[in-house]
Amino acid sequence: MLIIETPLLLRREVRRWRQEGKRIALVPTMGNLHDGHMTLVDEARARADIVIVSVFVNPMQFERPDDLARYPRTLQEDCEKLNRRGADLVFAPSPDVIYPNGLESQTFVDVPGLSSMLEGASRPGHFRGVATIVSKLFNLVQPDVACFGEKDYQQLALIRQLVRDMGYDIDIIGVPIVRAKDGLALSSRNGYLSAEERQLAPILYQLMMALSAQLDNGDRQIETMLEQTAEQLREAGFTPDELFIRDADTLQPLNTASTRAVILMAAWLGKARLIDNHQVDLTV
């Protein structure tokens with residue numbers, strides 16, 4: 001497995017594989033890899049001859065400097081895991097390599113609508129940072145396929161729109177959420193949880209599934225349902241951040257034409273911001 005830190009060397013390897021007629025898959029990550037990331041690598045391996053994994057903690061998508069500073073950097077361990085999983089190349093650039101002129105003068109990519117709604121409304125600039133780094137990676141790697149986790153539901157929708165709007169010839173694959181046995185979605189940020197908080201964390205998943213059951217039973221009093229869930233989260237020790245039930249295809253409020261809903265949840269538990277989502281078929 002190759003470990004590369006510069007775009008020049010990355011392009012050289014990509015060019016060689018292209019000349020050999022290889023199909024290339026990209027798995028963008030911010031490192032601190034867990035089993036959820038490994039399922040992305042497995043999916044990429046099933047769809048391509050070459051698997052490239054990027055490991056880059058992207059400063060442009062952090063709105064809080066303290067959050068950026070404490071995000072875990074575990075490159076050596078990440079590379080060991082990726083080597084065992086069969087990745088072909090790890091691209092691990094520094095911020096100075098990706099943004100040589102600094103963030104203030106960096107050209108950016110913005111996806112109208114999706115960048116500023118829902119999570120984007122409370123995290124200004126976050127999705128601009130996501131769209132910009134993903135675009136840079138797409139330009140550097142020029143993959144045939146790219147794999148992203150469905151845990152970041154709005155991010156996945158944004159990347160799909162980016163690909164459509166910019167004309168990238170890339171298949172975007174959403175990979176289902178990987179969960180612990182108690183339902184908690186695997187996340188690099190779960191490491192921020194204390195032992196006591198880790199015991200409480202699955203409550204987020206449990207309340208999400210309770211909302212799913214209400215939708216299955218025909219309840220459409222969305223605001224009331226979300227208010228009750230927020231109160232239950234507070235009683236359990238969480239600080240609710242974002243709770244939405246939206247059309248799974250458009251991320252707009254549900255209407256009579258909606259056939260699928262998505263429950264989007266984010267809440268703070270101690271120093272960890274936990275996110276999760278679940279899709280519900282409304283036609284049953």
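Glycine is no exception: its Cβ is also placed from the backbone N, Cα and C atoms.
Sequence annotations record features per position, and here Swiss-Prot assigns active site, proton donor to His37. The Cβ of His37 (active site, proton donor) lies under 8 Å from the Cβ of Val27, Thr29, Gly149, each of these being in the same chain and 6 or more residues away along the sequence.
Counted within 10 Å of its Cβ, the other Cβ atoms near Gly36 (ATP binding site) come to 20, all protein chains included. The DSSP secondary structure for Gly36 (ATP binding site) is helix. Positions annotated as ATP binding site by Swiss-Prot, on the basis of sequence analysis: 30-37, 149-152, Val178, 186-189.
If you look up Swiss-Prot, you'll see Gln61, Gln155 marked as (R)-pantoate binding site, on the strength of sequence analysis. Under 8 Å, Cβ to Cβ, and six or more positions away along its own chain, Gln61 ((R)-pantoate binding site) finds Gly125, His126, Phe127, Arg128, Gly129, Val130, Ile133. Secondary structure at Gln61 ((R)-pantoate binding site), taken from DSSP and collapsed to helix, strand or coil, is helix.
Residues annotated as beta-alanine binding site in Swiss-Prot: Gln61.
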Between Ser188 (ATP binding site) and Gln155 ((R)-pantoate binding site), what is the CA-CA distance rounded to a whole number of Å?
16
Relative to the Cβ position of Leu33 (ATP binding site), how many further Cβ atoms are located within 10 Å?
24
Mind giving me a neighbour count for Val178 (ATP binding site)? Other Cβ atoms within 10 Å of its Cβ, every protein chain shown.
18
Distance [Cα-Cα, Å, rounded] between Val178 (ATP binding site) and Gln155 ((R)-pantoate binding site):
17
